[in-house]
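What follows is a single structure, written as structure tokens, with notes after it.
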Amino acid sequence: MAEASQLFKEFKIQSVSEFFRRNAAMLGYTGKVRSLTTLVHEAVTNSLDACEEAGIPPYIRVEIEELGREHYKVVVEDNGPGIPEKYITHVFGKMLAGTKAHRNIQSRGQQGIGISGAVMFAQITSGKATRVITSTGDEIIEAWVKIDVDKNEGKIVKKEKHPNPDGWHGTRIELEVKNVKYMRSKQGVYWYLKLTAIANPHAHIELIEPDGKLIVFPRSSEEVPEPPVEMKPHPKGVLTDDVYRMAKKTKRQSVRRFLIGEFSRISDKKVDELIEYVAALRLIKKVGDKKVQEQLYERLMKGEVKAVLRSFRGYTKVVKQVAKMMEKPPEKLTWHEAEEIVEAFKYMKFLAPPTHGLRPIGEENIEKGLKGILKPEFVTAVTRPPKVYSGGIPFQVEVGLAYGGEIPSGFELLRYANRVPLLFDAGSCVTTQAARSIDWKRYKVDDLDRTPLVLMINVVSVHVPYTGTGKQSIASVDEIYNEIRLAIMDAARRLQTYLSGKHRRLYQVKRKKTFEKYVPEIARALSVLTGESEEKIREYFLNFIESHFASKEAVEVSENA
């Protein structure tokens, strides 16, 4: 039998970077076309977030240069605020690092992996460092960055500084990557940028394809979205570990002040209520009879906490013990006590979390984006009121519907999460499931596969429940599914009204032409019978027909209004 020391001879601690180097597919780097799209997506996402946080209308330029077979140079440049020199290695060379991953805030990226994952993928396929040119308005920093995968750290292998007389600010990154392919497919870079332009009408996006062709998606709105606001965690959406770790880091003087100051919807009065619930749970757990225990838990769930407490002799002593716990320093809160607090939260009723931190695209901007890129004959948008899922995580659903015009025949679903296009794993996405559940025939769409129709769905949240680290599919959460259905049906009813009016107008045009067809013959006959001029009679009937159908159209317009 081998000794333990021999078995553990190969034991090694693996860094986060090393793990993702071996499992790049988890980040979306799987398949040659998808890998290139993922690379561009990570860079463009960073650029959009940076520009918006600085209040700058984004100007983003993407250039794909073919260097050889399945070998490309990818350049992404923006006019954002730039990156301070000391943060360059952290931004581009360290996994799980960023300005938003640790905060309860809406953002396109959530994990702090994105752009550093792109740098790593370029490095492991080409062996080359990523060139970064950036400035905050002072001197221009040019740095070549690599990732030390063993240490999960970025390192600058070469650096130069240049004067900046024009005060340029922004970031340009150049990544050399192999084993990827540029194609104009619906999973490629062109399609990704087109969809990004629809959901971000305030952005000007340019693409230079490998053949040198320049494609421009001009901005159709000058309104830069307000930067998202960090939101305090809601009691219904936290784990014991969250409370325990936050308590160790807080600067508040007592557990009571900590709960009031660092969670939403908790007041002094709510802490007093929490004390009663924690005390009641402590007492219930001491009851030997399981049946009685279950009855007491049920009463607690109904909010009968005072009655439950009064059913125990000497309950005031336990209440005082819990009240004392609330006044001690948070750093002295034990795991068990944090567990008691979180368990009590489950029985308590709280107001829904505030939703002021959510930043939807907005109905007007959705319509601008769809009109500017797709050129439809009809467009409408619906932004649903904010809701919560999993008890305390706020989210919002918005839908855009575009029909006809330059849209080719066939139904197209455009999926988004926080304005970011989701191009892959559509089958497992809640947006696809909700769209498929709609009976489109009820809304005058008889043959969905032949109808020129585009449905856009955007799910907005501080925490989008993705199905995996690749962030290309949203999990099937009941609350989100139901909101998507309601939004689609609202938009579809508007389309139904438009199509009904269109069909009526076509019918009236056909009737009008039929009447006009017989006017010359009637005019000739009446001219013979009455002696009146044939031209005069014909003009009379044509004017009468025109005025008759014009009045019908006016009535129809006023009814629709």
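The count begins at 1 with the first shown residue.
From the backbone N, Cα and C atoms, a Cβ is placed for every residue, glycine too.
DSSP assigns Lys471 (ATP binding site) to coil in the three-state reduction, placing it in neither a helix nor a strand. The ATP binding site annotation in Swiss-Prot covers Asn46, Asp78, Thr99, Lys100, Gly109, Gln110, Gln111, Gly112, Ile113, Gly114, Ile115, Ser116, Lys471.
Counting every protein chain shown, 23 other Cβ atoms lie within 10 Å of the Cβ of Ile115 (ATP binding site).
If you draw a 10 Å sphere around the CB of Asn46 (ATP binding site), it holds 24 other CB atoms from the protein chains shown. Within 10 Å of the C-beta of Lys471 (ATP binding site) there are 26 other C-beta atoms, taking all protein chains into account.
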